[in-house]
Each structure stands twice: as C-alpha cells, then as structure tokens.
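The next block holds one structure in the form of structure tokens; read it before the comments.
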Amino acid sequence: MKVTLPEFERAGVMVVGDVMLDRYWYGPSSRISPEAPVPVVKVNTIEERPGGAANVAMNIASLGANARLVGLTGIDDAARALSKSLADVNVKCDFVSVPTHPTITKLRVLSRNQQLIRLDFEEGFEGVDPQPLHERINQALSSIGALVLSDYAKGALASVQQMIQLARKAGVPVLIDPKGTDFERYRGATLLTPNLSEFEAVVGKCKTEEEIVERGMKLIADYELSALLVTRSEQGMSLLQPGKAPLHMPTQAQEVYDVTGAGDTVIGVLAATLAAGNSLEEACFFANAAAGVVVGKLGTSTVSPIELENAVRGRADTGFGVMTEEELKLAVAAARKRGEKVVMTNGVFDILHAGHVSYLANARKQGDRLIVAVNSDASTKRLKGDSRPVNPLEQRMIVLGALEAVDWVVSFEEDTPQRLIAGILPDLLVKGGDYKPEEIAGSKEVWANGGEVLVLNFEDGCSTTNIIKKIQQDKKG
C-alpha cells in the first residue's frame with residue numbers, strides 16, 4: 001500500500017517569531033594577518049539563508065503548504081534580503097519594521113569547512129509594542145489551520161501568552177518550539193516541542209524512558225498543555241498526551257551529517273500536517289520521517305514532498321515503515337542475510353490502546369524485526385461489522401508504523417492473512433489472545449518451513465470494543 005501524504009496544498013499555517021538572516025562567507029585561508037595572529041580569509045562565495053522562524057516558514061512552504069511569516073525586522077539591507085529569499089520560496093511575509101533596531105543577522109566566516117568566527121548583529125526586540133503582531137495574528141486566524149510560535153528569545157514573542165489566547169479563542173492549534181526554562185509563559189499551548197536537553201533543563205535529568213513519560217505528563221498537567229513532543233536526537237521522539245499511551249518513535253535517520261535546523265523541520269511538518277486535517281499522531285509520524293531526511297543534509301535544510309514520500313513509504317532500501325507486499329519481501333530477505341530473526345503478527349488495530357502497545361512490544365522482544373499485518377477496511381467490516389473500522393486503514397498503518405516496536409506494516413484484503421504469511425514465512429508467528437497455536441492462520445505454513453508459532457496474552461482490561469462502548473455511553477450521558 002502507498003501512504004498518501006497530507007493534502008499540504010490546502011494547509012494554511014502562520015509562523016510568528018524571531019526571524020533572522022544567516023550569512024555565510026566562504027574562502028581559502030593560506031596566511032596569517034600581519035596585523036594580528038588571525039587567519040586571512042579571501043572571500044570568494046557569499047550565501048544568505050533565512051534563519052530562526054523564517055526557516056520554519058521555509059520548511060512549511062517547501063511541502064507545498066501556504067506559509068505566512070510574521071516577525072520583527074529593521075529597515076535595512078538584511079530585511080530586504082530576507083524578504084526576497086522568502087518570496088522566492090513562496091513564503092508570504094508580513095514583517096513589522098522597527099526603525100530603531102537592526103534585522104537580526106548572524107554572519108559566519110568559514111574556510112576549509114571550518115567556522116572561524118561568528119558575528120552577531122542584533123538588539124533585543126523586548127519592549128517593542130506587540131500590538132501590530134497581535135493584529136496580524138487576528139487577521140489570519142480565520143484562514144489558517146495552525147499557528148506556530150518560534151521562540152529564539154529575541155523579543156518577538158514577549159507577549160506569547162496573549163498570542164496563545166488569541167489562537168485558543170479561535171480554535172486554532174498553537175505549536176511552540178520553546179526557549180529557556182520558563183515554560184509557564186507557554187501555558188495553554190496545544191503542543192510544545194522541546195528537544196531532550198531543553199526538556200531536562202526544566203524537569204531534571206531523566207535516566208529512563210519511564211522518567212521522561214512521568215515528568216512529561218506532569219509538565220502537561222502543570223501548564224495545561226494538550227500534548228508534548230520531546231525530540232531525542234538518535235533516540236527518535238516521544239509524543240505524550242493525557243489519557244493516551246506514550247508514542248515512542250525511533251529515529252528514521254540513516255546517516256547524520258548535520259542537525260542544524262532539524263527542530264525547525266519537525267515543527268514545520270507537524271504544523272502543515274495538522275493544518276491539512278491529519279491527526280497529531282500522523283503529524284508526528286511525518287515529522288519524524290522528515291527529520292530523518294534533513295539530518296542527512298549539510299546545513300539548514302528543508303524537505304520536499306518527494307523526499308518525505310520516499311521516507312514514509314519505507315522503501316526496501318530504507319528498511320522501515322509501511323510497505324507493499326513486494327517491498328516487504330525484499331526487506332525480509334535483506335534481514336535474513338543479516339541473520340535477523342523475523343517475527344510476524346496481525347490484527348485490526350482499530351483504536352490503538354495500551355494493551356496493543358504492550359502486546360507489540362512483547363512480540364518485538366521475541367526476535368529482531370517485527371512485521372504487523374493489518375486487515376483492510378473491507379476485511380475489518382466483514383470481521384467486526386458495518387460500524388468498523390473507526391479509523392481507516394491508512395491511519396491505522398501510519399500509527400502502527402510510528403511505534404518503536406514495529407519495523408514493517410503491511411495490509412491484506414482477505415478475511416485472514418494466511419496467503420500473506422505463506423508468502424513471507426516468518427521465523428516466528430505470534431498471535432494475542434486465547435488461541436490454540438494450530439488455530440492461528442498461517443501456522444501450518446510456518447511450521448512446515450521450520451518456524452515457530454507463539455500465543456501471547458493481551459493486557460487485561462484493554463479492549464477496542466469497550467473503548468467504543470464507553471464513548472457511545474458518554475455521548476448518551
């Protein structure tokens with residue numbers, strides 16, 4: 001099955017925050033200055049790139065979404081260069097010009113792939129009247145699906161709490177890339193996206209994943225957040241939401257060259273995906289895939305729709321994610337060459353709950369790779385009745401593919417996955433519940449191939465049917 005990207009072209013996102021211009025001067029250096037013990041660089045290349053909140057807006061526009069950028073600049077060459085660069089990539093800029101301040105500019109001098117010095121041209125915008133920013137937000141709220149507040153502690157978000165309240169009143173989700181340790185100022189936001197260092201600076205050092213979850217959930221409660229996404233570098237990212245099981249997503253980066261701007265890519269893809277009408281879980285899946293692409297590039301970068309599609313499709317050469325049967329067979333063959341034990345299970349997985357997560361984690365522990373085969377919508381309807389599935393196949397597969405325990409997800413149209421299992425022939429076939437091994441679809445084929453069949457227990461008290469009944473009862477009540 002091919003994963004469909006969000007309809008980015010219908011997504012409108014406004015980014016408000018600290019905009020800046022990144023300037024790079026490159027050139028050879030072969031001598032020391034006679035004036036001081038410093039290298040002399042003969043500049044032969046000059047590059048200018050939007051930075052800070054402007055880079056977030058570029059990431060949104062690169063997906064084909066409608067990106068609007070609001071921030072504070074001076075009236076100078078840097079502001080004009082910034083506006084031109086952003087217009088070239090279809091970002092609509094609506095800057096507030098402050099004649100008493102320069103546009104924030106960071107100039108880096110590089111030679112032989114080494115940064116020799118960075119020169120910052122800036123004065124904090126604290127104290128500047130925020131009303132023009134509020135007016136621009138108010139004017140846009142009826143036509144956007146998400147508001148991103150990009151905080152680099154330069155003063156543009158001095159009135160961040162008022163901005164959050166404006167968006168909440170209009171029912172627009174607010175996503176914030178936080179700065180500093182005062183998370184009180186972000187109270188009421190829909191989603192905060194701190195990296196692990198920023199998170200631990202607020203809650204303290206976390207030695208285990210369980211501590212991250214426990215302290216993250218407390219932070220959500222303390223600051224009335226709807227969700228928290230902790231980006232954890234090579235350990236992937238963790239999505240925490242009240243009343244839901246934590247969603248830990250392993251990194252999808254194949255190689256890491258440069259993490260510069262990866263956080264901007266993550267929040268940009270999150271916002272564009274939510275604004276396109278997708279769920280937060282789906283948004284995190286796409287953002288995680290995009291981060292895996294962008295860290296494989298040098299310098300601040302963006303991700304194109306084609307790059308994102310290639311990443312989330314989990315093609316055989318990337319070794320993860322949602323796959324077609326043919327792609328899965330290639331991936332399994334490659335895994336076997338590496339001597340890996342392949343485990344396979346199946347199910348509907350309609351409303352993912354803690355019992356599912358626990359079961360899949362247990363199944364994954366039985367080997368090196370876990371395949372999850374998922375009933376198609378038609379198959380689910382025949383199995384569960386006309387009211388099911390609640391979530392369509394594509395959404396179910398995307399969420400499963402985001403789980404740390406799951407390597408590959410594939411769908412099947414039949415009532416049982418027997419044909420699919422016979423084609424894959426896993427080393428271990430796993431099923432949850434009170435089945436007898438010989439009753440499990442595909443067991444005969446696996447045994448005939450020398451494989452094993454194992455029945456695992458489901459966690460007590462967890463049931464999709466019970467969840468649906470409770471929702472229906474709550475609606476009636």
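Even glycines carry a Cβ here, placed using N, Cα and C.
Here Swiss-Prot flags 1-318 as region 'Ribokinase'. What Swiss-Prot records for LYS179 is N6-acetyllysine, and it gives sequence analysis as the kind of evidence. The ATP binding site annotation in Swiss-Prot covers ASN195, LEU196, SER197, GLU198. Summarising the annotation, Swiss-Prot assigns active site to ASP264. For 344-477, the entry in Swiss-Prot reads region 'Cytidylyltransferase'.
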Self-check item: Neighbour tally for LEU196 (ATP binding site), based on other Cβ positions within 10 Å of its Cβ
Solution: 16
Quiz item: Within 10 Å of the Cβ of GLU198 (ATP binding site), how many other Cβ atoms are there?
Solution: 19
Exercise. Please work out the helix, strand and coil residue numbers for the region 'Cytidylyltransferase' (344-477) from the DSSP assignment.
Key: 58 helix, 26 strand, 50 coil
Quiz item: Relative to the mean position of the Cβ atoms of ASN195, LEU196, SER197, GLU198, the recorded ATP site, which additional same-chain residues have Cβ within 8 Å?
Solution: PRO194, PHE199, GLU200, ALA201, VAL230, THR231, ARG232
Quiz item: Within 10 Å of the Cβ of ASN195 (ATP binding site), how many other Cβ atoms are there?
Solution: 20
Quiz item: Looking only at Cβ atoms, how many others are within 10 Å of the one on SER197 (ATP binding site)?
Solution: 10
Quiz item: Including all protein chains shown, what's the count of other C-beta atoms within 10 A of the C-beta of ASP264 (active site)?
Solution: 27
Quiz item: Is ASN195 (ATP binding site) helix, strand or coil when read with DSSP?
Solution: strand
